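To start, the structure itself, in structure tokens.
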Ligand SMILES: *[C@@H]1O[C@H](CO)[C@@H](O)[C@H](O)[C@H]1NC(C)=O
């Protein structure tokens, strides 16, 4: 009886157990099904409809134009097949990269990738679809019209890092962006071009996902309206309603960067669509640059602010490669590359500008004699004030200006100017040196350093008397900057990319392996001082080690640029080769036309 009972009990028990097991199994399957990102099942490539594409609510393409176009005819992309450009990247010999080297590279690359994945997943969780994640308060913030600046800016980084599931999830959202705004009256033409249009075009070039091109064209058509002004010069503050009516008027005081940083994006859009209108309208700006280059107060360069309303006037007196000017210079040689070497004007503009920069803006810092071996061979680029007769160098170093090393080196390769490659290296190493000069291992946003007064950028000895006179003022309540700095104008580090950008380009061009260790040191310092529990944040003061104060800001360029350059320098040199891609100023690689291809036109 006992036995019978127990065996019947066993049967019941087994049946129940089976039932439970079955329910459990079904639950498991369901949970897995819902937890696993279902965008995974979206085909890797697909027609744009499969992404849930939605057209913008305003049809910018068919907006009637108010003002006549410049000249009599549309300017087409230069004819002929692209030239064979000089090789940019260093050719690593067989066996030059050892197994140990490759292992270190892999480990460093993976560390960068996890940092990016962490920042991205927090953006996804707390700020999805917003422009930025506030990395401490963990909210979304919108500063760029709320179209999802971080989302679009990160697309190509996700692709390059092999975060394909994250990429597809972001493409789904990007394919519904409405290029119009209910949030704000206007957007910045410059920021929208470099972050959104550059981001979409680059992600399209890498993935060939058609929906990204569709959204890029819609956006390009919107930004094209910025040129519908009486003289066809663009307006940076893009007011949506005025743009729709063709009532925009170009500014009397516009920063040089905003007018000079549209060319790569607009040209690539013409190349991939076959529609010349985008190229035509920026080619008009090139002509203005060409017309005025020799007539400014510092011939060869253009001032930081130009008058776009009355043609293209250049009466201002401040000249720099830093804030508000920077990428206007960066784009000259890059345009030569993107046009396959078929437009000599860009070569001329670039070489003339660089020769003026070399003569008047570059300087060598006066360094203390504390270096055990030889002092570092470094240069910086400052700001010049000129009234046309007296030329004053302000030895101010901006983090934003650190891109100049890469610019000189790239142009040096493109135009066979070996000296420019060397200057590029001295500039790149200058910024890297400045990272090391502060206790956090990070460079401040703006500082000043006493220049040598030697000819031809030659080194000079430390001059204690000059230091006492020109060094930091001895006010008791002011924190003194470390020698040899004479002032720190802005102590912040804002997660900026320009220094690693130049170190990356110099590594790809020279193959010098010590640059990898420099890059790794920079990465570790950035990680240590900016990491929050779930992301990374700008900090208030690079002079405070240990407890850095965070600003609760993580701009979209952190993933788009800074982490991309770190990832690429620790990857094999063929990944996004400088012989196949040109980076826009937001680190978005655009594909260079191949000599055999010709343009689509
Ligand atoms: C290291 O990686 C490079 C490519 O990145 C490769 O060409 C080389 O063969 C690798 N070296 C070894 C020893 O595996």
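Heads up, the Cβ atoms here are built off N, Cα and C, so glycines get one too.
Between the listed ranges 5-20, 21-36, TrEMBL ties the annotation transmembrane segment to 21-36. When the disulfide-bonded residues 402, 431 are scored by other C-beta atoms within 10 Å, 402 scores highest. All protein chains included, residue 498 (active site) registers 27 other Cβ atoms within 10 Å of its own Cβ. Non-local neighbourhood of residue 191 (active site, proton donor): 144, 149, each in the same chain, at least six residues away, with C-beta under 8 Å from its C-beta. Using CA atoms as reference points, the recorded positions 326, 498, 585 were checked against residue 402 (disulfide bond), and the closest is 498.
It is 18 Å from the Cα atom of residue 445 (active site, proton donor) to that of residue 585 (Ca(2+) binding site). Around residue 445 (active site, proton donor), a 10 Å sphere centred on its CB holds 19 further CB atoms from the protein chains shown. When the recorded positions 326, 498, 585 are compared by Cα distance to residue 431 (disulfide bond), the shortest distance belongs to 498.
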